[in-house]
Each structure stands twice: as structure tokens, then as C-alpha cells.
Amino acid sequence: MYIQNLTLSSYRNYERLDLQFENKVNVIIGENAQGKTNLMEAIYVLAMAKSHRTSNDKELIRWDEDYAKIEGRVIKKNGSVPIQLVISKKGKKGKVNHIEQQKLSQYVGAVNTIMFAPEDLNLVKGSPQVRRRFLDMEIGQVSPVYLHDLSLYQKILSQRNHFLKQLQTRKQTDQTMLDVLTEQLTEFAAKVVMKRLQFVDQLEKWAQPIHSGISRGLEELTLKYHTSLHVSDSPDLSKMINSYQETFSKLRDKEIERGVSLSGPHRDDVLFYVNGRDVQTYGSQGQQRTTALSLKLAEIDLIQEEIGEYPILLLDDVLSELDDYRQSHLLHTIQGRVQTFVTTTSVDGIDHKTLNEAEIFRVENGTLSD
């Protein structure tokens, strides 16, 4: 798939912007604070209905405007699909093929993107929350069911934590409601973890040969989904639900004492190993960056396998963070396969056939020229 055109209205520093794109590498050159990253973010928000930079949607709306609008036309195997996202201070509304989607979980997935920005290099060495968010965002764009289950899990988790806090402060003494909420929570916790386990297995399958190639065959990358549950090699949903029920039963007194849920996918993590050693703790910066790059490139094939089409790749100021060898490997991997958007302050020193054949745009003060 690829984006054929993009229109921004009152988005960040863009009053109005209309762009046409080719199904190739599109390089956006400009100094810092001119609008390069805002443009990349707009494509990502159009796809994911949320920003990778902020959780405050009001920041996406141009100063003194009531709403921002992002429109695009995506070309897929089965035809052309117009999509639109309107961001107001009251919320977001998305349209696919001119039809308004009742829920954003139904909207997400109309266009698939992979964002690789400098902060993604923290995927390995950052906090577990960073990796959980990575899982949720990437699984969500290929599985609307996952987004639905995750949303319900988070809603019930919030209700359960609120009730535990009431039990802790003795504003409530009857634990019947806790039993009801726990039963509901275990079902959706198990569904979320099952999908995450499946995704991590698939990601490892695609990331291993990429990592091996970058490391010239010297390193083997393995991934492990870390959860408080005992997970068998072939997990079963009903067994996982039972396991959660047993876990919450054992933790009940401690949870009431602390006023918070102490188990579930909101506390899980993904661990990365190179040649059997934990990369986060023992890996060099080079190994950590190779791991992050391998994971991002693996997503290209994983999404293609899931939906039958390649996603759109967004490389936001990330080339400058990679050495020449990793730059070359990245550009070689995407060559001729995926529509790619690259932002950079300069292409000087980046000598690769992919960039030489790219469409070049220049941005200054929120205005683009080619």
C-alpha cells in the first residue's frame, strides 16, 4: 500500500498543505523546527489515530483553531481508499471510504505504518512501559479485536483498582464486586496476553535473520514475553484464564492492602537476548541499536504476512542516529519494497542508490517545495 496524496488543515504549524506522493522513497529535507517531524507525525496520526509524540491531542491543533483535519488517499491492492481524521478538542472522528467509523478501533488499520524515530532506539533500553506500548500499537493496527479486548481490559482494570482502593480505605467492606471485576478482568487479560505471545513469536521469526545479517552472522537474537504467569510452550486461553484466577486469588490480601492490581498484562514486559545474554543489561550500545533496528525492519514482513500488503515506513531523523553500516543495511532492506518517508537535515554523506532515486521535498516554515 502507499499514500497517493495527503492534505493537512490546521495541523500543528501547517495552515494548509496539499501533497502528492509516489510509491517510492520520499525524502523531506529541512532545518530543525521547520515542520519535518510534524508532517511525519501527521501521516502516523492518520494511520493510528494517535501521536507517537504526545498524548494531548490539543497539541495537534493549530493555534487559535477549533480542529485539525488530516485527509489521505491510500492505494491498496483492491483499490483506492480515501481516509479522513478530524481532531477536535472534544475528541477524534475517523472516516474510511467516506463512512464515519463508530469507534476508532474500527478506523485503525485502514492504513498501516511503521514509525522509526530516534526515541525508538530506547525500545531495548527503555522502561517496560515503552515496550508494552510498542506491542499495543503494532498489534492494534493489524488486529481490531486486540484493540477491543485491550480497551475493555483497561476499563475493567481501572474499575478494579478503584474498588481495591475503596477496600483499602474501608469505604467498602463487601468484596462481592471484587469477585465480579476479577472474573471479567481475567478473561480479557488472557486474551491480551495470548495475542501478545503470538505477536512476539512472529516478530522473533522475522527479526532473527535481519539481526544475523546486520551482525554478519555473529549474533542470534531471541525474544521472550515476560509475564507473572507460568506460560507453557503451547498456551491455551482457558488454561490462562484459570492461571490468572489462581494468581488473583493468591494476591487478594496483598492487593487490598496496596489498593492496586498486582498482576496482568499492564505489568508485563518483552525481553531481548543476544547469544543468550540480556541486551538491555549486558548489551553494548551497538547491540541495542542493532536489536531495535532489527525489530522495526521485522515489522515490515510481519505486517505483510498478516494483511497481505506492505506497510508505509516513516523514518524520522533516524538515519543520523545510525552508523554507515546500519544506514546501508536499512536502506538496502527497504529498496523497491515499501513506500518510505525519510526526514533529515541533509542527505550529504548518505550515499545509497535508494536515496539517489528518491523524491526530494524541502520544508521551511511549514511550507514544502519539491
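Yeah, the Cβs are placed from backbone N, Cα and C, and that goes for glycine too.
Pulled from Swiss-Prot, these are the features on record:
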{"type": "BINDING", "residues": "GLY30, GLU31, ASN32, ALA33, GLN34, GLY35, LYS36, THR37", "note": "ATP binding site"}
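Positions of the features from Swiss-Prot, shown on the structure.
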residue	record	Cβ within 10 Å
GLY30	ATP binding site	22
GLU31	ATP binding site	11
ASN32	ATP binding site	8
ALA33	ATP binding site	10
GLN34	ATP binding site	20
GLY35	ATP binding site	24
LYS36	ATP binding site	24
THR37	ATP binding site	21
Any idea what DSSP makes of LYS36 (ATP binding site), helix, strand or coil?
-> helix
Which residues, in sequence order, are found in the same chain with Cβ within 8 Å of the centroid defined by the Cβ atoms of GLY30, GLU31, ASN32, ALA33, GLN34, GLY35, LYS36, THR37 at the ATP site, excluding those residues themselves?
-> ASN38, THR343, THR345, VAL363
